[in-house]
Every structure is written in structure tokens, then in C-alpha cells.
Amino acid sequence: MSRVNRPYVGIPSFLRGPIVEDLSSIDADIAVLGVPFDEGSPFLPGSRMAPRALREHSLRFGSTGIYDPETKRSYLVEELTGRRIVDCGDVDVQPTNVEATFDNITADVKAILASGALPVVLGGDHSITYPVFRALEEPVHVLHFDAHSDYADFDDGLRYTNGHAFRHINALPTKLSLTQIGIRSLRSARPAMEDVENDGNRVIPMGEFRALGPAGIGTLLPKESRVYVSIDVDALDMSLVPGCVSAEPNGMSYAELRDSLKAIAENYEVVAFDFVEVNPPLDVGTGVTAYLGAVTVIEFLAHICDQPRWAARRRARA
């Protein structure tokens, strides 16, 4: 007799997927990897607890498909019933040894890519995006949702905070382009913002984003471009994300972010994505920020897997 899967029962793997501890033996289409690391946060710690929190809230969703009352359709049915979404646990974090931890992140993502699965990485603070991205071997475009550019200079003696990730990524040969969407913080440093654009990258502040609309995100790059997507929860308005240390006003609604990710899934090939900066110790009692994070990841996966290119990929791997 099968167990009753209540949201508060069982081992909290993401969407109750099989747990894979040996990354050389992955047999899946999607592989979730946690990075419980927040030593890149110079303000308040706590995002190291996010991978566990997102997993726990993912247990609240069905294990045979995700039903959307708006579209009257079920998503991720084959992925869930076929056990094609696996949870690879967490990267080994070496406390106070940032470079060793980053090496472990890169190695684990490389192992997932070698298996042919789509890496879905749960942070952690935004510094982790750099070691995740450097695991990619083929050039891709980068789409970055955030309130901040995370493009700080290295002249202050710091190199690996959550404010440096995209300056590192900009220097990698695998970055074809960088587009930053939702930038709006009044704490932004003018020199860093000027550097982003002087280095040939594109910044889409909130006003421009609203004029463009979520569907317009699907027109920024050539059709079927290969993209890496990085989602900071502070892309959303601060009223939605009490469990985020860097939340800012005038952010996206959930619908704006969701529909932007849907446009990405429909128009581009997503090769990997990360979701970062949920801080459970700061969240309200019901964990709404962690829940919103889990919903965002799940809906993005639903739209990625709903595309003809994904069905073709699944058939090729069968």
C-alpha cells in the first residue's frame, strides 16, 4: 500500500523526485541542485536555508502533474509520473573557503550537464550564479532578473559577494550577451551601472520593462537562442517577498515575472537556470517567500517542458 503524501510528510526532495547522490549515475531530464551558501551576502545571512525551504514548499504540489485552473491544463505530467525530475541534494559547502565551494558548485553542475539533464539550481545568495554559469562549455545568452545589477567592481578588495557575480560572468568566453531585467534600486552605484552598458550589455529598468511587457522578453534575442536564466527573488516587488534581505519597491508582480519566464520558455532554449536570494529566517511564519520561490521554479519548468523542443529532446533521450 502506498504512503499518503501529505505536504508535511516524508523526505523533502524537490517535487518528491528521486534523490540521486551519485551525480555520475543521473538518469533524468531535470536535475535539481541545492547550494546552501550565503557567505557572499555582506548584509544579513540566511539564504543558505533556502534550498531546504523551497523543497519543503514544493511538497505542497501534486506528484502526478501541476494543474492550472486558468489554462485548464496539467503540466509536468510525464516528468513527474515518469520520475524524470531528480533531486541531487546539496553542493558540499566549505565554510569560509569560498573558492573551494565555488569549485564544488562548478563540478556538480558539470556532472549534471554531462548526464544530459537540465540543471535547476536553488541558492543561496546570488554569488553562486558565477560558479554555476562557468560550468557551461558552449556559448549562451544570459537573461538576469534582479533589482540590482550585481556588477560591482573589484577595487574594494572583494571579489565573491552577491554583488559581483555578473562582472565575473561578463569576462567568461561562454557569455554571448547579458541582459539585465527589472533593475531599479536607488542604491545602485553609478560607475557599476555605467560599466554594465559600456561593456556591451543591456539594462532594462522597470519603466522600460513595463513598456516592453513580458511578451517582449521573448523578442530580445533571435528565436531559439540558447539562454541561461538567473532569477533573483528581489525582481519581485518587496511587498511580495518579506523573506528577502535586498527587496526593493516598484518591482514586478508575480504575473509579470511568470509571463516573462513563459515568453523565454516559448522563444528560447533554456540550458540551465538558477533561483536565488530567498532568506527563510527573515520570512513570515507561513513562509510565503519560499512558497513563491517554489511556485516560480515549478511554473518555469512547466512552461519549459510544454514546448515542442522539449518533447523532441525527451524522445531523443528515450
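Please read every residue number as a count from 1 along the shown chain.
Every residue gets a Cβ built from N, Cα and C, even glycine.
Residues or ranges marked as Mn(2+) 2 binding site by TrEMBL: H126, D232, D234. Annotated Mn(2+) 1 binding site per TrEMBL: D146, H148, D150, in sequence order.
Other residues of the chain with a Cβ within 8 Å of the Cβ centroid of H126, D232, D234, the Mn(2+) 2 site, are D146, A147, H148, D150, N162, I231, V233, A235, C244, S246, V276, E277. Residue pair D146 (Mn(2+) 1 binding site) / D232 (Mn(2+) 2 binding site) shows a Cα separation of 5 Å.
Of all the binding-site residues listed here (H126, H148), it is H148 whose C-beta has the fewest other C-beta atoms within 10 angstroms. The two recorded residues D232 (Mn(2+) 2 binding site) and H148 (Mn(2+) 1 binding site) have their Cα atoms spaced 9 Å from each other. Between H126 (Mn(2+) 2 binding site) and H148 (Mn(2+) 1 binding site), the C-alpha separation comes to 11 Å. Apart from D146, H148, D150, the residues listed for Mn(2+) 1, the same chain places the Cβ atoms of H126, H144, A147, S149, Y151, N162, G163, F166, Q180, I183, S185, D232, D234 within 8 Å of the centroid of those Cβ atoms.
Within the same chain, residues at least 6 positions away in sequence whose Cβ sits under 8 Å from that of D150 (Mn(2+) 1 binding site) are H126, T129, H144, N162, G163, H164, A165, F166, R167, D232. A gap of 8 Å separates the Cα atoms of H148 (Mn(2+) 1 binding site) and D234 (Mn(2+) 2 binding site). Long-range Cβ proximity for D234 (Mn(2+) 2 binding site), meaning a same-chain Cβ under 8 A and a gap of 6 or more residues, is found for D146, A147, H148, V241, C244, S246, A247, E248, G251, E277. Within 10 Å of the Cβ of D146 (Mn(2+) 1 binding site) there are 28 other Cβ atoms, across all protein chains. Cβ-based neighbour count (10 Å, all protein chains) for D232 (Mn(2+) 2 binding site) stands at 27.
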